[in-house]
Amino acid sequence: MQEKYIDETKQGEAFAIAEKPGNGKKLFLESYGCQMNFSDSEIVASILNEQGYNTTLKVEEADLILLNTCSIREKAEQTVRMRLAQFKHLKKEKPNMTVGVLGCMAERLKTKFLDEEQLVDLVVGPDAYRDLPNLLKETDDGRDAINVILSKEETYADINPVRLGGNGVTAFVTITRGCDNMCTFCVVPFTRGRERSRDPHSIIEECQSLWNNGYKEITLLGQNVDSYLWYGGGPKKDFAKASEMQKLTAINFAQLLDMVAVAVPNMRIRFSTSNPHEMTEQVFRMIAKHDNICNYVHLPVQSGSDRILQLMNRQHTRQEYLDLIKKGKEIVPDISFSQDMIIGFCTETEEDHQLTMSLMREVEYDYGYMFSYSTRPGTPAHKKLEDDIPADVKQRRLAEVIALQGELSRKRMQGYVGRVHEILIEGTSKKNQNQWKGRNSQNAVCVFDKLEGQKLGDIVSVFVHGNTQGTLLGETV
Ligand code: SAH
Ligand code: F3S
């Protein structure tokens, strides 16, 4: 299943980095789920690279197999279980090979993983990657090893991630970890712990270093970027206990955006994910102020019905959400929005479903990520509400919502036709070797014929003359 901005084909794809003299051991590392996992894998690769591990794309060559896993929906977990099953024969042939599970499934299932999956030797939660070298010593001695301790402070701020499998042009930069929001359907607060923000100096250093290494676009990452608050370390929840000086000099997300935009003035800047109840007018003003901050906000809403939003504990109403969108469109006239929707949440009626559809029409999203509700053990919704919408009803409503988003996307893409757009070249089009693909400021994908002298990472002016549902067709001017 496609996750945000992670190309479908990249789910579960292993990445390798340049060889260097090492300990002779090979790491095979695959990532599943959201951008945060892909970004975390770069931290893991960096830690293990320091230990002398080289990466490999051939699983049969590996001494260490690591899967960085996702728990967001049941299907994501099934994918990982099936993948693990494929390693069984390898483990038989190479009993010394270590198989480890990282990320959200590791955190959710903990020792259960070691009990249920005989093949798994190592279980490491998202805040424990620094402990990998120690844990690997244990597995080398033939013992199972586990660390799923969640941290209130860990931001891996000082670890310079190695860039895995990227295009050398776009990169993720993590700015917050964890989430304190407790949306009732969501497993993330349980698997990724308390929300904490990363030191802005280390963020800016990482952005500058990316620029110096040829990168042209960064996406600032967090479960809730708008909630970013730096006051000297520690969880956001403890901000009330900070000193007066810490409170006076604290930095919020809009201020961070301002600092980053100035520090890397020619870098394109995106961010994800915004939470409607924490997104402020100040952030829209920053987008308007800086040319290098893209005119695009991913603003998940999950449902258009107030009753459902309340059951989900989303902390805003339909009207508040629509007001925020309106404000964004006023402050940044050329802005685009995308959504996440959960279809068939507990007790969702036909009327609620229609409210979701009418909200989508009102906002006119460029695109969206829509999923059937999948109940997650341990979440408030799982404990207190019944997953009572029959699968066929969920499927039908999901199909309706996807079809509607298709219409809206096509309409939005048509709106980009007949104008010149600044497109960052991110690679060669999959369908046509003679064409580039890239994105405009609004995050719409554009393909156009390659011209001599153009190269990866260039920002070029492209006249858009046509479109499909999700892609702009253009030519360089
Ligand atoms: N703030 C986060 C949200 C993480 S979850 C972010 O960075 O995107 C991503 C999306 O998965 C959510 O917005 C929601 O639409 C979807 N999701 C979360 N829990 C789900 C569940 N139990 N069933 C179906 N979809 C879910
Ligand atoms: Fe999940 Fe809600 Fe946080 S969707 S990641 S609990 S904002």
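Just so you know, glycine gets a Cβ as well, placed from its N, Cα and C.
Feature annotation from TrEMBL assigns domain 'MTTase N-terminal' to 25-141. Along the domain 'MTTase N-terminal' (25-141), the predicted structure has mean pLDDT 94.
Note on C70 ([4Fe-4S] cluster 1 binding site): other Cβ atoms within 10 Å of its Cβ, all shown chains, come to 25. According to TrEMBL, the feature [4Fe-4S] cluster 1 binding site maps to C34, C70, C104.
The domain 'Radical SAM core' annotation in TrEMBL covers 165-411.
Taken residue by residue with DSSP, C183 ([4Fe-4S] cluster 2 binding site) is part of neither helix nor strand, so it is coil. The annotation [4Fe-4S] cluster 2 binding site is assigned in TrEMBL to C179, C183, C186.
DSSP labels the residues of the domain 'TRAM' (414-477) in these numbers: 2 helix, 34 strand, 28 coil. If you look up TrEMBL, you'll see 414-477 marked as domain 'TRAM'.
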Filtered binding-site residues, from C34, C70, C104, C179, C183, C186, whose Cβ is under 6 Å from an atom of ligand 2: C179, C183, C186
Rounded Cα separation (Å) that holds between C179 ([4Fe-4S] cluster 2 binding site) and C70 ([4Fe-4S] cluster 1 binding site): 15
Binding-site residues compared (C34, C104, C179, C183, C186) - highest count of Cβ atoms within 10 Å: C104
Where C104 ([4Fe-4S] cluster 1 binding site) falls in three-state DSSP terms: helix
C179, C183, C186 excluded, remaining Cβ within 8 Å of their centroid ([4Fe-4S] cluster 2): N181, M182, F185, V187, V188, P189, Q223
Number of helical, extended and coil residues in the domain 'MTTase N-terminal' (25-141), per DSSP: 62 helix, 22 strand, 33 coil
Distance from C34 ([4Fe-4S] cluster 1 binding site) back to C186 ([4Fe-4S] cluster 2 binding site), taken between C-alpha atoms, in Å: 14
